[in-house]
């Protein structure tokens with residue numbers, strides 16, 4: 001009998017090659033892909049976030065804000081969330097692809113640019129989808145873009161495996177490169193294959209197209225659930241002789257913590273930038289208007305836009321503090337699990353909707369009913385953006401000690417403060433939503449002032465948590481020593497000294 005063969009070793013994290021190798025790589029025309037990945041991550045985070053613009057730029061007057069307009073907005077938000085998640089899946093696949101392709105040359109760089117060019121066309125197709133939701137052309141163009149992205153990634157895989165010196169060293173030295181190539185191509189082509197089917201359905205039954213496109217998002221989790229059910233029903237099966245299950249490109253494996261942080265920071269930065277772009281676009285007064293309406297007083301003209309400036313500062317404070325909570329969470333995270341990656345993606349999708357919340361509260365605050373409706377929309381967006389952060393921390397706690405630093409786990413010094421910090425925004429948004437239901441005097445101005453005051457609440461929260469922990473530690477000493485300890489101390493002089 002032949003000896004059982006061990007599976008291939010897990011891939012090293014990209015960038016672990018010795019420093020001296022970089023000069024040698026430059027000599028043969030190749031270089032490490034760090035800068036190209038940074039460019040791609042930044043571009044993908046921008047594309048994922050700016051797709052909220054067709055939703056925020058929906059022309060709605062206060063007279064039109066009825067049930068039909070609310071249904072239209074809800075439809076556009078749902079389509080935005082789906083396309084945001086699809087772009088996030090494309091980013092994850094791109095990141096994993098370049099964990100396999102450790103080095104790049106001019107050909108790979110140009111192929112990656114072709115992939116990025118196709119991705120930058122996605123916001124246009126999304127605009128068609130939200131403007132003409134019942135016309136198949138928008139869905140068809142979106143699916144064609146996804147298929148084209150998959151085709152370019154197939155070319156990258158074939159080219160890299162044709163020149164093994166571009167691959168990760170462990171794959172390049174492996175005797176089973178053909179198995180790796182087949183496994184990579186299978187994963188790369190799964191999403192485009194579903195989008196190809198969605199494009200076909202869009203020609204005669206477009207609702208099925210949205211269902212198939214949504215399947216692209218949850219396909220890794222469906223595959224994992226099916227594998228779990230198969231193991232439960234049929235028992236664990238023996239791995240094949242040349243297993244590639246440890247291959248880190250597999251979508252069941254979690255992304256690296258650094259890549260998740262980089263993409264998340266890009267989304268938060270773009271959302272903050274979109275807020276100030278709206279201020280620059282809509283709140284710089286016209287010179288003729290200043291001269292005629294405000295008698296040449298620029299201060300009076302800017303004062304008329306005071307509510308919009310208050311909305312900007314409140315919205316920016318919300319974006320900044322959500323990033324601060326995300327940053328604090330990942331300071332204590334050792335590795336991001338698959339469930340944490342999904343929850344982080346859902347949180348970022350709602351963070352991308354914060355420009356819509358700003359637009360609603362700054363533009364639809366002309367009548368009391370519209371004012372309260374816009375505040376409720378903002379509260380819902382903030383709640384889901386923050387509650388998924390709290391769920392991500394909960395998933396890290398439940399997963400095991402290898403996901404969090406000891407200080408953030410149960411009983412750690414930062415555990416109580418992290419819980420309070422991550423629970424602040426969900427509780428505050430629920431309270432504000434409740435106020436719109438029971439307080440008729442609650443207004444957009446009060447809501448934005450509350451947003452501006454939240455940073456001080458974070459500082460007060462830390463002081464209160466520290467004070468509460470000190471009081472809890474001081475309670476045992478204030479109660480005095482335990483009775484057993486007192487009896488032992490009293491009897492100690494009467495006992496004979498040990499021999």
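Note: Cβ is positioned from N, Cα and C throughout, glycine not excepted.
What TrEMBL lists as region 'Disordered' is 1-31. TrEMBL lists 39-57, 77-98, 110-130, 136-163, 184-204, 210-229, 309-326, 338-358, 379-398, 418-439, 446-465 with the feature transmembrane segment.
Counting C-beta pairs under 8 angstroms (sequence separation of 6 or more), the transmembrane segment (110-130) fails to reach the transmembrane segment (418-439), with fewer than 3 such pairs. Under the criterion of 3 or more C-beta pairs below 8 Å, with sequence separation of 6 or more, the transmembrane segment (379-398) and the transmembrane segment (309-326) qualify as touching.
No contact links the transmembrane segment (184-204) to the transmembrane segment (39-57), because fewer than 3 Cβ pairs that are 6 or more residues apart lie under 8 A.
Touching of the transmembrane segment (338-358) and the transmembrane segment (446-465) is ruled out by the presence of fewer than three CB pairs under 8 A, sequence neighbours closer than 6 excluded.
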